Amino acid sequence: MYGIEYTTILIFLTSITLLNYMLKSITRIMDYIIYRFLLIVVILATIIKAQNYGVNLPITGSMDTAYADSTQSEPFLTSTLCLYYPVEASNEIADTEWKDTLSQLFLTKGWPTGSVYLKEYADIAAFSVEPQLYCDYNLVLMKYDSTQELDMSELADLILNEWLCNPMDITLYYYQQTDEANKWISTGSSCTVKVCPLNTQTLGIGCLITNPDTFETVATTEKLVITDVVDGVNHKLNVTTATCTIRNCKKLGPRENVAVIQVGGANILDITADPTTTPQTERMMRINWKKWWQVFYTVVDYVNQIIQTMSKRSRSLNSSAFYYRV
């Protein structure tokens, strides 16, 4: 009887000893593998110059901080450049290989093939509805047209500045603008905007709040409208909501990774809404050439000087980024 109990205890102790030995052996093997792997990673990290691809990933929204690539010092190898041009440019050039030619010319200025993107838009009005500025640096070419001067000015004001915007429910609420930086921005296929200022008794000043036909018309069938009214006064609004969206926006400051190059015209457009301030012409430039090849040649020649006036931002800028700040 005692012999059986002693044998059982001895087997139990032997099993524990063997299990402990096996666990220690496995631990030593795993430590050896992990340490060797880490050693190889450390050695390779000192040899290979890794690029942080996350720097150029598109991000929906808007961030103020400028991000620098910590693993590469070459300014253009980790940057992207978008050049936006009207469709009339490609129609005039009429060459299926012209983009490849332009890409090779940018290469002579230090911009590798694949880092420059040429993006076409139909016209100023169409570009205003859905501006998409995804690159680290964005250059927008605008052909001057005296009949579209105000449209060009509004578009430049939109893309050259950072806006914090919120949706507006104009069927339920009255709205007022608090200061000069506060604007109402409408975009869509057809925007007609009417306003009715209200007194302290919420009665219309020169209009009837129940009759939109008596409202003051500030825009008619436009694709982009930046509305500025008297600050501190409530307004009842009427907008063609079926084809247009209006938002209450606050201008936060310049969007420094965007520049506008005006093609033609006697003077650079002034996009400043406040008549008492100095004209805003930062990151607005002018090129006077009749032919589009001449325009593109000049852009290539001065591209590196132009981006010195800009700041690289690692973010994607589409229409939602203009309107919703993250």
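Placement of Cβ uses the backbone N, Cα and C atoms for every residue, glycine included.
For Cys244, the disulfide partner named by Swiss-Prot among Cys165, Cys191, Cys196, Cys207 is Cys191. Which of Cys82, Cys165 pairs with Cys135 is settled by Swiss-Prot: its disulfide partner is Cys82. Fewest other C-beta atoms within 10 Å: among the recorded positions Cys196, Val229, that description fits Val229. Thr214 (Ca(2+) 1 binding site) falls within a helix when secondary structure is assigned with DSSP. Of Asp95, Gln177, Gly206, Thr214, Asp231, all annotated as binding-site residues, the residue with the shortest Cα distance to Asn238 (N-linked glycosylation site) is Thr214. Under a cutoff of 8 A between CB atoms, and with a sequence separation of 6+ in the same chain, the neighbours of Asp231 (Ca(2+) 2 binding site) are Gln176, Gln177, Thr178, Asp179, Glu180, Asn182. When secondary structure is read from DSSP and collapsed to three states, Asn238 (N-linked glycosylation site) falls in the strand class. Here the disulfide-bonded residues are Cys165, Cys191, Cys207, and the one ringed by the most other CB atoms within 10 angstroms is Cys191.
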